[in-house]
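Have a look at the structure below before the remarks.
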Amino acid sequence: MSENNEEQHQQQQQQQPVAVETPSAVEAPASADPSSEQSVAVEGNSEQAEDNQGENDPSVVPANAITGGRETSDRVLYVGNLDKAITEDILKQYFQVGGPIANIKIMIDKNNKNVNYAFVEYHQSHDANIALQTLNGKQIENNIVKINWAFQSQQSSSDDTFNLFVGDLNVNVDDETLRNAFKDFPSYLSGHVMWDMQTGSSRGYGFVSFTSQDDAQNAMDSMQGQDLNGRPLRINWAAKRDNNNNNNYQQRRNYGNNNRGGFRQYNSNNNNNMNMGMNMNMNMNMNNSRGMPPSSMGMPIGAMPLPSQGQPQQSQTIGLPPQVNPQAVDHIIRSAPPRVTTAYIGNIPHFATEADLIPLFQNFGFILDFKHYPEKGCCFIKYDTHEQAAVCIVALANFPFQGRNLRTGWGKERSNFMPQQQQQGGQPLIMNDQQQPVMSEQQQQQQQQQQQQ
């Protein structure tokens with residue numbers, strides 16, 4: 001895009017809010033600069049075209065963030081085109097012109113390495129408005145900053161809420177449509193679609209929150225696979241379930257019941273004939289999990305053969321991973337191409353077995369393939385969807401497991417691997433906000449060897 005076109009595009013976008021990332025409820029934009037042409041949604045069009053069946057259907061009108069029920073924050077400002085040398089302390093000095101600041105967060109833009117962006121939250125909307133009018137279009141350090149109101153996500157991050165990830169949304173599903181689909185369930189709290197703020201279009205998934213764990217589970221069971229605007233919903237947990245209440249779910253969803261294999265999909269009363277692998281992630285008896293037969297390595301987990309009758313059951317209780325922030329998941333989702341569905345887990349104790357690992361990884365979705373390298377202390381989990389792998393990466397980053405803290409990142413199937421520069425210095429593959437490595441299995445194994453030397 002030329003400078004003139006970019007300026008014209010910015011003028012058109014000037015009154016269009018962008019996404020907010022704050023400690024309370026956040027939705028990070030696909031790019032730091034609303035005027036930028038680049039976004040993951042655009043880059044991934046070739047991969048997403050086959051899945052988004054509604055996009056090329058002239059009868060389907062895509063939803064838009066502005067008209068789709070999304071509200072704006074009156075206390076949070078988006079600051080774009082920010083000089084990379086600016087720290088949060090420096091930025092705070094500038095934005096105190098409006099009044100006391102509640103929070104500042106500077107983000108790294110993965111689509112534009114030359115600038116950062118930030119979110120500035122005020123205690124009072126009046127103060128935020130003063131800062132917007134005073135600083136928008138002004139030069140801060142070396143760059144002219146672009147300031148706008150931010151979209152306020154309705155997703156609560158409270159520990160008392162239970163969040164569902166809702167995927168495979170049609171392009172014409174907006175916030176209101178998603179809310180209407182779930183609002184009749186008891187203890188429903190909120191629902192919203194995740195938007196690409198470059199185009200204003202849906203990213204094809206959203207989140208729904210409940211104040212009751214039982215109601216969230218019931219909503220997932222009832223709505224799994226149900227048609228919404230022409231596409232079946234795919235629902236998963238976006239956060240942990242309360243460990244204190246696990247026994248209730250174990251009685252209802254014992255994944256080892258009726259002599260079924262520990263990695264077979266459960267038979268839900270509400271979804272008897274649905275082959276929806278995402279349902280299996282939370283439907284296991286943590287105290288009676290069965291191990292994966294060695295002969296079944298490389299097979300889709302949903303097609304595992306029954307274990308032998310003489311196979312002993314594991315008695316170890318496996319803890320659930322911590323609650324994850326839906327917006328952190330969204331950030332990771334956008335850090336790798338949609339075609340990548342493999343998560344890498346490193347720093348695994350060498351004595352850990354498949355029986356120890358599989359129940360943990362099943363928390364996040366339907367596992368198509370699992371490769372464990374105990375001598376390397378790592379494994380690769382190929383999930384059914386890109387989103388499921390992202391949830392795994394976020395939830396298990398630094399997660400304590402048998403005396404070690406796990407390391408996570410994106411993996412990439414060897415058959416699809418394209419040569420890239422060798423990673424430097426054996427740096428640990430740790431999930432963080434600044435970079436998301438996409439490495440082949442061979443590279444990651446070599447990296448593990450370097451760390452062990």
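Heads up, the Cβ atoms here are built off N, Cα and C, so glycines get one too.
The region 'Disordered' annotation in Swiss-Prot covers 1-67 (among others).
As annotated by Swiss-Prot, N-acetylserine applies to SER2, with the evidence given as experimental evidence.
If you look up Swiss-Prot, you'll see 75-152 marked as domain 'RRM 1'.
Per Swiss-Prot, the feature domain 'RRM 2' maps to 162-240. Here the domain 'RRM 2' (162-240) is broken down by DSSP into helix, strand and coil counts: 19 helix, 33 strand, 27 coil.
Per Swiss-Prot, region 'Disordered' is recorded for 241-262 (among others).
Residues or ranges marked as compositional bias 'Low complexity' by Swiss-Prot: 244-262 (among others).
Per Swiss-Prot, region 'RNA-binding RGG-box' is recorded for 260-264, and the stated evidence type is similarity to another entry.
Taken from Swiss-Prot, the feature omega-N-methylarginine covers ARG260, and the record attributes it to experimental evidence.
The annotation domain 'RRM 3' is assigned in Swiss-Prot to 341-413 on the grounds of sequence analysis.
Taken from Swiss-Prot, the feature region 'Disordered' applies to 419-453 (among others).
The feature compositional bias 'Low complexity' is assigned by Swiss-Prot to 434-453 (among others).
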For the domain 'RRM 3' (341-413), what are the DSSP-based totals of helix, strand and coil residues?
22 helix, 28 strand, 23 coil
Mind checking how the domain 'RRM 1' (75-152) divides into helix, strand and coil residues in DSSP?
19 helix, 35 strand, 24 coil
